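Lifted from TrEMBL, the feature list:
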- 438-459: compositional bias 'Low complexity' (COMPBIAS)
- 473-497: compositional bias 'Polar residues' (COMPBIAS)
- 333-712: domain 'ABC transmembrane type-1' (DOMAIN)
- 768-998: domain 'ABC transporter' (DOMAIN)
- 1057-1336: domain 'ABC transmembrane type-1' (DOMAIN)
- 1373-1610: domain 'ABC transporter' (DOMAIN)
- 427-519: region 'Disordered' (REGION)
- 47-70: transmembrane segment (TRANSMEM)
- 111-129: transmembrane segment (TRANSMEM)
- 155-173: transmembrane segment (TRANSMEM)
- 219-243: transmembrane segment (TRANSMEM)
- 332-353: transmembrane segment (TRANSMEM)
- 545-566: transmembrane segment (TRANSMEM)
- 572-592: transmembrane segment (TRANSMEM)
- 1047-1068: transmembrane segment (TRANSMEM)
- 1095-1119: transmembrane segment (TRANSMEM)
- 1197-1216: transmembrane segment (TRANSMEM)
- 1281-1301: transmembrane segment (TRANSMEM)
- 1313-1332: transmembrane segment (TRANSMEM)
Amino acid sequence: MAPNWFNLQTESTFSQQTFNYALPNPDGSHQSVWSVTSNISNIDTRILPLGVAVFTFAVLVIQAIAYGIFSRFRSEDEVEIDEAEPTTVVTRQPSLYDRFMVHVQGYGGPIIYACFVGRLVCVLALVYLSDTTIRQCMLQPLVLDEHWAIRCPEYFLGLTFIYSTFLSFFVLVSQPWHITLTRANTIVLLSAFCVYTYRDIWPLATYTEHPADAAEGKILYIKIALLGLAGLVIPMCMPRVYFPVDPLKPMPIPPAEITASWLSRVTYTYIDPLIMLASGVSHLAHDQLPPLSDEDRAVNQKKWSFKHMDPFGLKRRRHLFWGALVHFRVELLIMTISAILVCLLEFVAPIGINQVLRYLEKGNTSGNLRPWFWIAWLFWGPIFASLATHWYLYYYTFIRVRMEAIITQLVFEHSLRIRMKAEAASDGEKKADSNANSEATTPTASQTSSKAASVVSAEGSEEGEDTHLTRSEAGTSVTDSTVVGASRSASDATQATIKGKTKSKATPSAPPIQKKKKHSGENLLGKINNYVTTDLQNLLEGVDFLKFFIGVPFQIVIATIFLYQLLGWSALVGLTITVVFSPVAGILGNKVNKLQVDKMKKTDERVQSITEAVGVLRMIKLFGWEGKMTKRIEQKREEELSWLWKVKVLRIMTSATSLTIPTVTMLVTYMSYAVLMKEELTASTIFSSMAVFSILREQLFRISWQTMLIIDAKVSLDRVNDFIHDAELLDTFENLKEHPEKPQLTETSSDNEDLNIGFKNATFSWSLDEEDGSLTPSSRHYRLHIEEEVLFKRGKINLIIGPTGCGKTSMLMALLGEMHFMPANPDSWFNLPRKDGVAYASQESWVQNATIRDNILFGSPYNEERYKKVIDQCALQRDLELFEAGDATEVGERGLTLSGGQKARVTLARAVYSFAKIILLDDILAALDVHTSSWIVDQCLKGDILEGRTVLLVTHNVALAGPVADFVVSLGLDGSVVSQGTDVAVPLKADPALAAEAAADKEETAAGKADSEEDSNKATTGKLIMAEEIVHGHVSWKSMKLLIDGLGGNSPTFFFIAWVLSFFVMSFSKNLEPWFLGVWASQFETHPASEVDNVLYISVFSGIAIFNILGFLCLTFYYNWRAIAASRYIHNKLVSSVFGSTLRWLDETPAARITARCTNDIRTVDGQLPQDFWWVIEMITVMVAKLGVIVLFTPVFIFPGVIVAAVGWFIGQLYLKTQLCVKRELSNARSPLLAHFSAAIHGIVSIRAYGAQESFQQESMKRIDFYSQAARTSWNINRWVGFRIDVLGAAFTSGLAAYLVYGSNVGASNSGLSLNMAVSFAMAIFWLIRIYNDLEVESNSLERIQGYVDIEHEPQPSDEGKAPAAWPTSGDLRVENLSARYSQNGPKVLHEINFHVKSGERIGVVGRTGSGKSSLTLALLRCIITEGTVYLDGLPTNKVNLDSLRSNITIIPQMPELISGTLRQNLDPFDQNDDAVLNDALRAAGLFSLQDEAGEARITLDTKIAGGGGNLSVGQRQIIALARAMVRGSKLLILDEATSAIDYKTDAVIQSTLRSQLGKDTTVITIAHRLQTIMDADKILVLDGGKIVEFDSPKFLLGKEKGLLKALVDGSGDKNTLYTLAGC
């Protein structure tokens, strides 16, 4: 039989020390108090505090010496500073009270100072009491021998207390040293308190020992009380001092978490005020939450962490994991210590149960300790275990929140470094195309930026301290110069304008062109979104890895030792079973890992599909594709769910394995103990070992579920790490990675050359991969070639012209450092001075979701005079008058409240208002009508604000911009410079096509979208984007019903009832296991071991265990199968709802919110939500079953049980009220962060050009802090409730133990069962509260989804609304009394419009901004609220289903939206036509002939198109959109003309197609921006103020005196040509 560690016998060490001292009796005799034996070597323990005091004194002396040496050097420096900067400030002499209060404040305030005073009073009292004891000791004659001190050890304590008094006094007068002295004093006093506790309190818990110093009487316990007060209570209850991270910027009100006392901190009572506040309000607002500590702020975390995790802060490549490990090393060490303590303290309950049951079995003979000690053990032990557990969890959540902030900011900043290019899915292997014989076109930067297939920034991190190039050289603000030799780019920060050259000793060579592995279907925008959503959440779940790698093995070892002490070698048999089967979990974990990787790929595909669909949702609705696109997304969802089911099945098997192994281990162990070892299975043995087996089971369960989390975390961390280290970067950052030790300095030329802007012998590409053709439709690698030298004129207007696709925008991007620079010769260079600032306006305007004024200022200081001039010169005055809120109007996400022309002018105004000396303008006239364009040229380009500033203007409108140009550069289709000079006529003579284009472009007109230009229903506040609603109170039944309906399918009620009943059956069946073991144990109380039929009891117990395991498997499989069905149901309902929404709702709802619903919220529905729902029902049934067992054997305890449950419910309600408020704030704080992320990515070229990276970083960190504030509070609230429920459970268990020991005769077996159930009951209360809260919190995702299900929808299709199969047979369109408005309460934007268009007619629609042109097209498609009737082919469209109507009308918007995939998928997304039809449409649309004439490589149906068509020019997108319209075969075609965004030849092809290739019965309505294109139309409809003012043939209208069309034509510069086209 193994030795038993639980027969604890305490022998007093004082029995060997019988120092005899006597106190005088009244009769003169002496009473023996102390005695001493000859064993003087056993030194009295009361000498230990003096030893501690000596040690602390030595340490203080060493510190004082070191401080003196340091202060001497520091004082010398201060003297030098003082001499250099003498001060002459005269102040009044402060009063004594003022000086005292300043002194007190130096300690942290009056409360802290009062605590120090209180401690001084306590130690003075101790000195007095010690002196009293010494005086009593000295009544005996003093014998000065070698043992004189030992005869009266109180001398040592007296000296200790005197030393403590001095320390306490100096604490009060020496403020700089008070912290050090306080710590030393606390250590000394605690040592004395521990000595007295050991000598005089511990013996009270034993049967045989007595207090060693009992003869001191009351003085003894007064001493102990004072020591406890001074050494324990005061240090634990004293508030802590706040030390700001930056002493110059302290927090005005530091959070209570920082200043709370240690007792408050470890018990989380500092959260009580927040809990009470939340209980008294309907909702706890974000500004009512505790402030975020300065240590948690993103700016400080970035400063401290990036040097370990940012690849540009590292000297060599290192995985993110190791960087995080270094950064959080202190916190992880604390967590490690806490985890070890938790492992040890987890065994407090089993030891306590064992000893209580042994006492009930054997009485006083069970051991030397009294039963009340073990009852107290059952109370205090779990409390200390709870303290350790929650301290561990506190630091875990502490790291988690900071890690989330760090990774988010790191991904954000690294996203600003990566190279921008439009990605399209590759075929894996490139296929040779015999028709590809020349280079293809290049995308504009604005296209790739706005569509954001992938993005890049030259943005770096915060300045670091490293000597090599790190953050400071990565460029985080407006840089001084864009200087590139072989390898410098736009983001290099130098203090002078430097022209780089590729001389060998001047600079490292340019990054070589690399051949990188291509990945099919990559889209970086979707991946980056996943990095900061799904991957980040997976990564954070793996932060708790210490419990897994340290806690689990350690606890299993301790459990094995414990079981060995109880059960002997039979425990080793059970351990062997565990070891043999433990690899099963690992094998299953590896399989889950592989499946999880595949599942994540499917998730990426689904998220990308949704993200892209949301981005073009307006197009989808205008084309009537909602149903078909929904089915496509559902197919992606089905693929994802199939892999999710496989993952769930393997996880179920892993959980079942973890459940089975401990059960088999326990069964085999008991069988070996009873059958083979022939030992008695007593109640104390069974129930204490059951508690240990429960711990073992928990650890194996942890292995199963946490293995999955850690695997997910590793997969996600590797993905983020690969992105951080392997994403293709701009040249600057590539160079920094390859040569971090070398600053990127280049040879400086003469002063007059430093300011040059231009190129020499330079070649640029969009990618480092020489085979990367994803940027061009022909899959050919585009290069911009600048031979010889091109120098732009400073202080002048420079034009960059050329046909579409020649690379005009690429030239600007090359100057900005966006393209990869490949020096052609040793003297190759390019230069863009940045010292005086650079401003940039992109072709596709980028605006922020802010007010118009904020967009124009863009961080610049407001100057009213300059601002008003800019507004006037950029023709924005009239537009601002249209908005009730003026320039305070919010433009919405991506400027959805503005028309294309308005966005273009706001973007131009931003560049003009800036104080930059160099301004790059990318075709800003393309989106402006003729009058506005002329105004811009005359008032802005010729205006005083741009005078003396260098302007580089890319334009097609040579005729309009040519007269103001001082220098012109013309590019050819091959990306080379055709000509340069001061005469604009030279390039026109050299390029006939360009000359023809210039002639046609005299009538430059608008090319902007007019998404909502007529909507005058603007609020006076300027708000458009609705604030995300925060639901108050508990989760609504309607939201929960969404989940239950998904789980239950056709019979949710039956499912729910049957499921809950199954849980009750399983819970009571589970309780049969310990009950039956108790029955087995009771047999040994009444029968000899030889008479007990162990085989019978083993067989029955095995049957019960097998039933429970099989029941668990069946119930879990069924529930998870239904959970997959619920995921499918909820996702489909959400997607269908969003796709069926109104355009108005889309205008008011940022795409980021929709994306968040389809990513984060659906992720919750797929994983945590159904799991939490399972656990809540399980905990309810477990709690009821456990309490039922307790009441069955101890009926009187029904009252304490109800009381505990009631108190737990009360605490839980307080917790839930607070946590729900905080979690909702937390959830809604995430969307703005993601929206900012998305906005920055879409406008990264502009951000980088302005050098505004730093401000965007600051805004990102501001939003991260806003989120982290709620996150920290949420996690701390969990600690608050957890500790209180643990205390409640400990009180219930110890109370039951006390009753079983002192108040009942229940046998040991039933007592063991009751105690076992009590521990489980208390845990069930805790987990029910926690998991129910998690369920409510996670159900916030259901609320958010439900909120998007309950939105306003367009009419759903019905059988009555089905149009005839052949409808429409013609394009006949009749409009009667058509009025329209954008909202129910909004003003009309169309007023009683009537007109008739015969089939096959071509109609032009003209009108000034706000006249109602775009509203008319939306009204014809029923996208807005309409009155009146529209007849198409004789059928009223308001009686037809929307999908039928819109699928039979095709609209070609000004900027057509394309989806990523092949050209075939864009022309025919749903495979309704064969390739012959598609090729005929492309040929008829003129794409092939245009390419052949231009010498471009052929675009085929298999050509990859980037998201948004980012790798196509605007003209190519227009042609493809026209071909798509021809494929659709619509009888009514609406064209929003693209104007000057396309060149003359492309426009000519499009107009020719419209005239000749469409069917004779196809009606064409053109929203005209170019008068020339509609003057030969059959009729022209002129709108003004939402009314038709003219509608007739062009010839008739031009003959109408004072007609509006005639006024427009007569005011043009090509009046005669227009009259000729009209037939006049």
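Residue numbering: from 1, along the chain as shown.
Using the three backbone atoms N, Cα and C, a Cβ is placed for every residue, glycine included.
Contact between the transmembrane segment (47-70) and the transmembrane segment (572-592) does not hold: fewer than three of their C-beta pairs are under 8 Å, each pair 6 or more apart in sequence. Where the transmembrane segment (1313-1332) meets the stretches 545-566, 572-592, 1047-1068, 1197-1216, 1281-1301, the count of C-beta pairs under 8 angstroms peaks at 1281-1301. Long-range contacts of the transmembrane segment (1197-1216) within its own chain (CB-CB distance under 8 A, at least 6 residues past either end) are made by residues 275, 278-279, 1034, 1183, 1187, 1190-1191, 1277, 1280-1281, 1284-1285, 1288-1289, 1291-1292, 1295-1296, 1299, 1314, 1321-1322, 1325-1326, 1328-1329, 1332-1333, 1336. Long-range neighbours of the transmembrane segment (1047-1068) within the same chain, counting only residues 6 or more positions beyond its ends whose Cβ lies under 8 Å from a Cβ of the stretch, are 1041, 1108, 1111-1112, 1115, 1119, 1122-1123, 1125-1126, 1170, 1173, 1177-1178, 1180-1182, 1184-1185, 1188.
Contact check: the transmembrane segment (111-129) against the transmembrane segment (219-243) gives at least three Cβ pairs closer than 8 Å, residues 6 or more apart, which meets the contact criterion.
Between the transmembrane segment (332-353) and the stretches 155-173, 219-243, 545-566, it is 545-566 that has the most C-beta pairs under 8 angstroms. Within the chain, the transmembrane segment (545-566) has long-range Cβ neighbours (under 8 A, six or more residues past its boundaries) at 2-6, 332, 335-336, 339-340, 342-344, 346-347, 350, 354, 392, 572, 574-575, 578, 669, 685, 688-689, 692-693, 695-696, 699, 702-703, 706-707, 710, 713.
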